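First up is the structure itself, then whatever we jot down about it.
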Amino acid sequence: MKIGIVGYKGRMGKEIKDLFEEKNHEFVWGYDKDGEHFQEKPQIIIDFSLPEVFEKTEDYVKKFKVPLIIGTTGLQDEQIEALKALAKDVPVVQSYNFSIGIQLFLKMVDFLKDKIDGWDIEIVETHHRFKKDKPSGTAKMIKESLDKDVPISSLRLGNVAGDHVLYMANLGEVLGISHRALSRRAFAEGVLKSAEFVTNKKNGYFTFTDVI
Ligand SMILES: NC(=O)C1=CN([C@@H]2O[C@H](COP(=O)(O)OP(=O)(O)OC[C@H]3O[C@@H](n4cnc5c(N)ncnc54)[C@H](O)[C@@H]3O)[C@@H](O)[C@H]2O)C=CC1
Ligand SMILES: O=C(O)C1=N[C@H](C(=O)O)C[C@H](O)C1
């Protein structure tokens, strides 16, 4: 397929471009701080940038009338609503984490959440020093799955690709669920799966949970 990437010069943008090219897809369009790279109309747009770029992405998706995969974190509620409106016309896949492991993590949280009443519960997320948002989108997803107002601690260390730990403790024991992304490839693989998933869809709002 012919892909377009918003944030194509960034860490995730490059990882996604490399993976798709390895799988014989073609990078034909991009948008970044210095403007548009146009070679051809893309068949899909992938956005890994910043929330302030969102309106541009929205405009380009409407202009090209193509599916959107969006992994940008820190989106405002209105931007999520705008994505749902966009999804009436094109397929949209939105997730704050495109790794399989975090999907399994969320399933474990769902299994545990009504069994840990009265326990101390804390989320700790660790990411590279360049990450702009705090807490991570994934930590927010874990908190939302718990249906509880739990504290989140954020560490910014070196070049960590993405670590999330959920601690649960009573007076006699500590239980933990942890996930570590060993590189950004895990997220890019999920984006590729999502791109394949939307190829036969006309429209609709999906998360990565729907994809796997
Ligand atoms: N959902 C997921 O699985 C994952 C989500 N992310 C999220 O993806 C986003 C990007 O992460 P990274 O690639 O590490 O960041 P990055 O900073 O390396 O890349 C962001 C790109 O957006 C561009 N950009 C910034 N402002 C812009 C503007 N005003 N107009 C056009 N382009 C602009 C930058 O120049 C850069 O190329 C973040 O929100 C991050 O949290 C990152 C990894 C996995
Ligand atoms: O910025 C990152 O790098 C990551 N961001 C996502 C998040 O905020 O949860 C996902 C991943 O952990 C990497």
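Here the Cβ of each residue, glycine as well, is placed from N, Cα and C on the backbone.
According to TrEMBL, the active site, proton donor/acceptor annotation covers HIS127. Taken residue by residue with DSSP, HIS127 (active site, proton donor/acceptor) is part of a strand. Remark: HIS127 (active site, proton donor/acceptor) has SER136, SER154, LEU155, ARG156, LEU157, VAL160, ALA161, GLY162, ASP163 as non-local neighbours, by Cβ distance under 8 Å and separation of at least 6 in sequence.
According to TrEMBL, the active site, proton donor annotation covers LYS131. Long-range C-beta contacts of LYS131 (active site, proton donor), restricted to its own chain and to partners at least six residues apart, with a cutoff below 8 Å, comprise ARG156.
The NAD(+) binding site feature in TrEMBL is assigned to GLY7, TYR8, LYS9, GLY10, ARG11, MET12, ASP32, GLY71, THR72, THR73, SER95, TYR96, ASN97, PHE98. Classification of ASP32 (NAD(+) binding site) by DSSP places it within a strand.
Taken from TrEMBL, the feature NADP(+) binding site applies to LYS33. There are 10 other Cβ atoms within 10 Å of the Cβ belonging to LYS33 (NADP(+) binding site).
Under the three-state DSSP scheme, THR138 ((S)-2,3,4,5-tetrahydrodipicolinate binding site) falls in the helix class. Of all Cβ atoms in the shown protein chains, 24 besides its own fall within 10 Å of the Cβ of THR138 ((S)-2,3,4,5-tetrahydrodipicolinate binding site). TrEMBL lists HIS128, GLY137, THR138 with the feature (S)-2,3,4,5-tetrahydrodipicolinate binding site.
Helix, strand and coil residue tallies for the domain 'Dihydrodipicolinate reductase N-terminal' (1-98), in that order: 36 helix, 27 strand, 35 coil [DSSP]. Summarising the annotation, TrEMBL assigns domain 'Dihydrodipicolinate reductase N-terminal' to 1-98.
The annotation domain 'Dihydrodipicolinate reductase C-terminal' is assigned in TrEMBL to 101-212. Here the domain 'Dihydrodipicolinate reductase C-terminal' (101-212) returns a mean pLDDT of 97 for the predicted model.
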Of GLY7, ASP32, THR72, HIS127, HIS128, THR138, recorded positions neighbouring ligand 1, Cβ under 6 A: GLY7, ASP32, THR72
ARG11 (NAD(+) binding site), number of other Cβ atoms within 10 Å: 16
Alpha-carbon distance [ARG11 (NAD(+) binding site); HIS128 ((S)-2,3,4,5-tetrahydrodipicolinate binding site)] in Å: 11
Residues GLY7, TYR8, LYS9, GLY10, ARG11, MET12, ASP32, GLY71, THR72, THR73, SER95, TYR96, ASN97, PHE98 binding NAD(+) per the record - widest CA separation, whole Å: 21
Filtered recorded positions, from ARG11, ASN97, LYS131, GLY137, whose Cβ is under 6 Å from an atom of ligand 2: ASN97, LYS131, GLY137
